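Listed in Swiss-Prot:
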ACT_SITE  Cys69  active site
ACT_SITE  His363  active site
ACT_SITE  Asn385  active site
Amino acid sequence: MTSLSTDFTEKLFADYEANAKYGAIENAVTHNGLLKSIETRQSEVENDFVFSIDLTKDEVSNQKASGRCWMFAALNTFRHKLISDFKLESFELSQAHTFFWDKYEKSNWFLEQIIATADQEIGSRKVKFLLDTPQQDGGQWDMVVSLFEKYGVVPKSVYPESVASSNSRELNQYLNKLLRQDAQILRDLIASGADQAAVQAKKEEFLQEIFNYLAMTLGLPPRQFDFAYRDKDDNYRSEKGITPRAFFEKYVGLKLSDYVSVINAPTADKPYGKSYTVEMLGNVVGAPSVRYINLPMDRFKELAIAQMKAGESVWFGSDVGQVSDRQKGILATNVYDFTASMDINWTQDKAGRLDYSESLMTHAMVLTGVDLDADGKPIKWKIENSWGDKVGQKGYFVASDAWMDEYTYQIVVRKDFLTAEELAAYEADPQVLAPWDPMGSLASK
């Protein structure tokens, strides 16, 4: 190993002081902050909020201090359809309802994984992976589908937000504390030679305690409820004693098995045209596993555009924190100019960023529009976020096409937009990725 010599460091001082530009940038950044000092005017000019395809201007939702973006994005795609179909002024489905059942199911999932890995050393990478975060707020499209199909949905008015759903830190802290304690008891019980029946009985005791904890922090979810509304024509409608699953079937009415997840992960370990799943990723035990098909970016974008041309918004996952201005709602590769200001060049490509842990899926949102040029190619994309209406343009964001290429990783589209060859590849036995693969990272946030 080579240490840093005094002579080398003195040379760096001299080189810095010889460049007047660095001094000017130093003054700007130390007074105004890094990104504000190097933000480009051009990125704002190029990325206005006018789109040739624009599906909705509905009010945005707000996940607040929680990691429920994947739920919000899915429920937002449903509510746009519901607002249109039933002629409503506005409407929101309960994210807290889905959140409750996800926490309940994830707790069971974790305990089952602990039982399945009881023969491994406590220091094994998989056991450590489980214990590092027994459960969290994040998730994947297939996981939210499992929740909707098992538990349905309810209007937000029926099961509103709580302090714990809007700010989940305390809820997660003590739920994970409880789950780690349960994990130790189960591993010790198995090590003592207890049979499967005894282990499952103990797990069920834990789940009663967990259910009680969730009900007391989030509120007991309804098994049936009454629902009434007036449409835009002032017609009154009501439902009495409807269940969450019946509400989903009647008011959402989508066959979720008709949708597939498409990823763009251009790394050597994930050839295009193949299906993939992620080990130990899920929430509902017994539900279909998370599955993706990996396709080139041009095809990936073709599918998203085709679905929006058909009038349907697109759930998608990206690395939203990369080169973005949250307040203005601009996601663009040229939003900050590190090259002209600081002589820093970003040369790492999308595959390199994935391989070297510089980028991963961090946030799910909804594509609700796109601006196409004369040849039908995308220029910029309209995004419905779930960070409230105080950021972006009343909560909507815009992404340049170059940003989409570099930092978008997943979309959910209808099966009938895939070719027969693509559908066959999706339905083939998937390659199993490691639990810590970046294509599973949206569920670890």
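Every residue gets a Cβ built from N, Cα and C, even glycine.
Remember, predicted model here, so these are calculated numbers, not experimental data.
Annotated features, which come from Swiss-Prot, shown on the structure.
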residue	record	Cβ neighbours (10 Å)
Cys69	active site	24
His363	active site	21
Asn385	active site	27
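DSSP gives Cys69 (active site) a helix state.
Here the CA atom of Asn385 (active site) lies 9 Å from the CA atom of His363 (active site). The two recorded residues, Cys69 (active site) and Asn385 (active site), have Cα atoms 8 Å apart.
Following the DSSP three-state reduction, the secondary structure of Asn385 (active site) is coil.
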